[in-house]
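Student: The structure's right below; bear with me while I get my questions together.
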Amino acid sequence: MLFSCRSKAKLLALTLLLLSAATWLYLSVGETEYGQSLGPVAPRFSATPSFQMELEIRLREAKEENRRLRQQLGEVRNEEQSTGGGTEGDNSSHCEHRSLTEKCELIHVAIVCAGHNSSRDVVTLVKSILFHRRNPLHLHLITDDVALRVLGNLFNTWMVPSLQISFYNASELKPDVAWIPNKHYSGIYGLLKLTLTKALPSDLSKVIVLDTDITFATDIAELWAIFKKFTGEQVLGLVENQSDWYLGNLWKNHKPWPALGRGFNTGVILLLLDKLRLIGWEEMWRLTAERELMNMLSTSLADQDIFNAVIKSSPTLVYQLPCYWNVQLSDHTRSEQCYSELADLKVIHWNSPHKLRVKNKHVELFRTLYLTFLEYDGSLLRRELIGCPSEGEQQGGSQATLSQLDEEDPCYDFRRESVASHRVHLSFLPHLTPPPDPYDVTLVAQLSMDRLQMLELICRHWEGPMSLALYLSDAEAQQFLRYAQASEVLQSRTNIGYHVVYKEGQLYPVNLLRNVALKNSHTPYVFLSDIDFLPMYGLYEYLRKSIAQQDPAGSPRALIVPAFETLRYRLSFPKSKADLLSMLDTGALYTFRYHVWEKGHAPTDYAKWRTATTPYRVEWAPDFEPYVVVRRDCPEYDQRFLGFGWNKVSHIMELDAQEYELVVLPNAFIVHMPHAPSFDISKFRSSENYRLCVQALKEEFHQDLSRRYGSAALKYLTAERNR
């Protein structure tokens, strides 16, 4: 009777242990016969030459037997690796050797990703792969326009070493599958995996194909190594389906597509692309689909139905992967038969429409594993840990800039963080692009987690489009997602773009956040506000009318919206300018920062505004920092200014240098709501070095302004010296 690989391994290991113990006992007894133990510090009596020779011979024999048993144990493990995969009853990964993949072999992974939600899901999948991987990766992403914009920017700012990204336009592949009726919730994108032999480069010979709802619990190189086990006509590596779907017994009159036994799940696929092309894969799946659709009328599980119909007709095409490479958490799963302990898990597949809410007796364990990567700091994955050459395109210029900085500089933190690369996830939640309108305006602002409560309030005051940059950690981003999905107010809005900038460093990158929100607005005009301000009711329509009254051929204008503030957390918000003036007179409202930074808004000329009925022009003055409406193509904010101090002042100065007219709107206002001091303003007030660094950055900004605008910028230097 032949032993299984596991039995052989256990027997040899036990034999090796017993032999070692016997050798030790023999030597101990031999020494004890001469009245001496083998203690390392005790003096030894001289043994007779014949006994010593016999002892050495037996010791050499024991060592040789030990070596031989170790060699046999290794051979059993190698034999196990070459024969253990792909058997239906193999539910444990203990006997599987680690990857045979070469250390720096490039692993190719293909993923179909479309829309805002799928773009979020794929990030968690990629994190789990990157966390475990030890090889360079090349991701092939088949995307729609939304996912291309979101993921293209995310990976460009993520800058992970030894990671290449290629994008493929899903629109060019849709005609190949659009004729197939599909009832699956993934829609037409759930069929695109059928087209990968056409979509991917012709010189790419093999690829791992993954759904976006996959989580890896091991090194993907182990899965890649299984390609070497393919033999004969095998071109597809798949795990058996772990529900009774294809057996047709889930409910009365259930008629599934044809499948081999339980069928196979296509959440994880190994594709031998070169062989698939040789056997005419495109024609094969198309003819099979046409034949089956005559009876089935539509697919229920998208591409999976067609893959299974092909395998039913040609079973030699499939290599059955061990089930732990796709532990399926569907509504009718039997996946618990696939693992006995955590070490058995390789890949978790959340293939139920209910996702994390699926019913499974071990779902808490799986959910914890998933949440680990969902909230994992993606910046940590930038570190080069695999010892393979990185692709040049993933190395940002910021690294070269950082290496040139002087770490002894008292302002080193400011300079380092001003050039740091932050991961940016655009359009974190679904939203619609506003229809073209020459007078439309987007409210632009930035915030951190502690200002999240302002979102619903602003939504009640501003009905127009918004572009908001949120500075969050990976974990906070998920808290924001849950908050937004639970808010009826936010869910009712489809014209708000939320753009997550992930935390990096200690200083708040306020101007980077403003630039992200500014560049990702989609209207001709923007209202550059801050999150702590509530717009007056009707401000959106008033600004549109004010923009329409401008002379399009005239000089560029910055329309100033006067700012006020209240110290009361509960405020009866003014419904008109008359109400606001009354509240000013009673002390319920004040002009913004009149008591701590009066010159920041004094040039607005509040006395004139009280009685103004038409827009009026004002002149620039030092430290002026109003909130303005400008064209979207205005100058960006200077990102050297971080935290507190001069971040808006520098922007208004540049608008003036570009000869923008500063015009105050007579019937517009915003009100600043009270909040606790930010961390950065506290540091500005308490740290002399912080203030000195802000001053140094101001001087450098003045010099740069002079270089760009020449003599026109002299007045700013003069004003600075006369302060």
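Backbone N, Cα and C atoms are what each Cβ position is placed from, and that goes for glycine too.
The structure displayed is predicted, hence computed values, not measured ones.
According to Swiss-Prot, the topological domain 'Cytoplasmic' annotation covers 1-10, on the basis of sequence analysis. Taken from Swiss-Prot, the feature transmembrane segment applies to 11-31, supported by sequence analysis. For 32-723, the entry in Swiss-Prot reads topological domain 'Lumenal', with the evidence type sequence analysis. Taken from Swiss-Prot, the feature region 'Disordered' covers 73-95. Annotation comment: Swiss-Prot describes Asn91, Asn117, Asn169, Asn241 as N-linked glycosylation site. Swiss-Prot lists 107-382 with the feature region 'Xylosyltransferase activity', giving similarity to another entry as the kind of evidence. Taken from Swiss-Prot, the feature Mn(2+) 1 binding site applies to Asp211, Asp213. Residues or ranges marked as region 'Glucuronyltransferase activity' by Swiss-Prot on the basis of similarity to another entry: 383-723.
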Student: How big is the gap, in Å, between the Cα of Asn241 (N-linked glycosylation site) and that of Asn117 (N-linked glycosylation site), rounded to a whole number?
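Tutor: Their Cα atoms are separated by 25 Å.
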Student: Same-chain residues six or more away whose CB lies under 8 A from the CB of Asp211 (Mn(2+) 1 binding site)?
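Tutor: Expected: Ile111, Thr266, Gly267, Val268, His349, Asn351.
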Student: What is the separation, in Å, between the Cα atoms of Asn169 (N-linked glycosylation site) and Asn117 (N-linked glycosylation site)?
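Tutor: Approximately 18 Å lies between the Cα of Asn169 (N-linked glycosylation site) and that of Asn117 (N-linked glycosylation site).
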Student: Sort out the sequence-distant neighbours of Asn117 (N-linked glycosylation site) for me: same chain, 6+ apart, CB within less than 8 Å of its CB, listed by position.
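Tutor: Set apart from Asn117 (N-linked glycosylation site) by at least 6 residues yet with Cβ under 8 Å, we have Pro430.
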Student: Starting from the Cβ of Asp213 (Mn(2+) 1 binding site), draw a 10 Å sphere and report how many other Cβ atoms land inside it.
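Tutor: Within a 10 Å radius of the Cβ of Asp213 (Mn(2+) 1 binding site) lie 20 other Cβ atoms.
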Student: For each of the glycosylation sites (Asn169, Asn241), count the other CB atoms lying within 10 A of its CB, then report the residue with the highest count.
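Tutor: The residue with the most neighbouring Cβ atoms within 10 Å is Asn241.
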